[in-house]
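Inspection log for the structure reproduced underneath, given as structure tokens.
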Amino acid sequence: MILKNVYDVFMERGFIEQVTDENAVRKALEAPLACYIGFDPTARSLHIGSLVPIMALIHLQRHGHTSIALVGGGTALIGDPSGKTEMRQILTREKIELNATCMRRQFARYLSFEDKKAMMINNADWLTKLNYISFLRDIGRHFSVNKMLAAESYKMRLEKGLNFIEFNYMLLQAYDFLYLFQNHNCVMQMGGNDQWGNMLAGVDLIRRVEGKVAHSMTFPLLTTATGQKMGKTEKGAVWLDRELTSPYEYYQYWINTGDIDVGKFLALFTFLPMEEIHQVKSLSDKELNMAKAILAFEATKITHGEDAALAAWNASAVAFGVKLIDTSLMPSSTIPRGQLSQDASAIPFIKKSWNELAKGIPAYEIMHECGLCSSKSEARRLIAQGGGYVNENPIFAFDELITTEHLDRSGQIKLRKGKKKYMIIKVE
């Protein structure tokens, strides 16, 4: 039984950009239904840019619906032109299958696949078996080339070149929706706003072939307050795989959220009650930093688990100083409200031998080697500008030696870049 209409949850939390028919969608969601969202297996891990659709699938499942994560193993062989100014590099089947396997493990962290409450399906299972002539006759005849060329996903590519393989993408995505409708009783698709044209094509195809009504809903394309694409940093993508982005780095991404985005991100990327999230509007600077810590903790907990979130919070508190979280601020959060151990094990670290440190390592070299700076020249500039620190003390010369004399009581050396990026040196 559905206790609350998930459409209202989506509206309240800012998930919805466009919808085929608001009244019809809300009515459809009054009873359990199946809804799918597509994911490209173009990398071994999903990244933060995939979190909005993942959170939507979780909300759907929590409200009694069947969430379908459709992995585009078939469509990835072609490449989606939506939102792209250039043709994507075509991956091998082996690489796509490996990525899809990794994605299944990731989805299992967010969704329960027991009793088909959620499904992960690969469209390669049917797309790679299609007969081209039959597909053109049965599916292609329902598509107007004029309408296809008017779609935003194609219009932006026409001047730079759109090849025939990519031109077929809309047909294949529409066919995915039809296939899921026919075989899994899936009546709704959700996705990024750049997919709107493809999603409407699927709704129209179901109407033409089956004479039935299907629904589509899009998410807003998120950027940060600085205009940066969601999930991008100077190091690249922020991954959901802890081997690619550690829980500590993941936590740090969220805690560095811009002030204007805190409330929006709490609504989208946590399950905290909205009446608590609304508190953010009236917070001062100090309290807003507490809200960022809660956002970072809750987001890390959802992706990496409570233990990893606690370790990341604790390491951050050790590195930056304890900031007591007011007990009245978003009390549903399980973030610690002041308890602290001195465990900084979640902070990224490198190991150096005693002999290396005894001889001394130039500061600019070790700042580059540990990954705080992308090059030695960047490290030299950073130190010259006063942005390099060892054990919270400024590094005054780029060739200042980091030695065993810098080891603290725990036998470690703490390096810092700017205000927020740390690295630990451990002796092996």
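Glycine is treated like the rest: Cβ placed from N, Cα and C.
DSSP gives TYR169 (L-tyrosine binding site) a helix state. Annotation source Swiss-Prot lists L-tyrosine binding site at TYR36, TYR169, GLN173, citing sequence analysis.
What Swiss-Prot records for LYS232 is ATP binding site.
For 361-427, the entry in Swiss-Prot reads domain 'S4 RNA-binding', with the evidence type sequence analysis. In the predicted model, the domain 'S4 RNA-binding' (361-427) has a mean pLDDT of 84.
What Swiss-Prot records for 41-50 is motif ''HIGH' region'. Sorting each residue of the motif ''HIGH' region' (41-50) by its DSSP state yields 3 helix, 1 strand, 6 coil.
The motif ''KMSKS' region' annotation in Swiss-Prot covers 229-233.
Same-chain neighbours of the motif ''HIGH' region' (41-50): 71-73, 76, 88, 91, 96, 98-100, 102-103, 106, 222, 229-231, 237-241, 244, 253, counting only residues six or more beyond its ends whose CB sits under 8 Å from a CB of the stretch. Under the DSSP three-state reduction, TYR36 (L-tyrosine binding site) is assigned to strand.
Within 10 Å of the C-beta atom of GLN173 (L-tyrosine binding site) sit 26 other C-beta atoms, taking all shown protein chains into account. Neighbour count (other Cβ atoms within 10 Å of the Cβ, all protein chains): 21 for TYR169 (L-tyrosine binding site).
Each residue in the domain 'S4 RNA-binding' (361-427) gets a DSSP state, and the totals come to 19 helix, 22 strand, 26 coil.
Other Cβ atoms within 10 Å of the Cβ of TYR36 (L-tyrosine binding site) number 25 in total over all chains.
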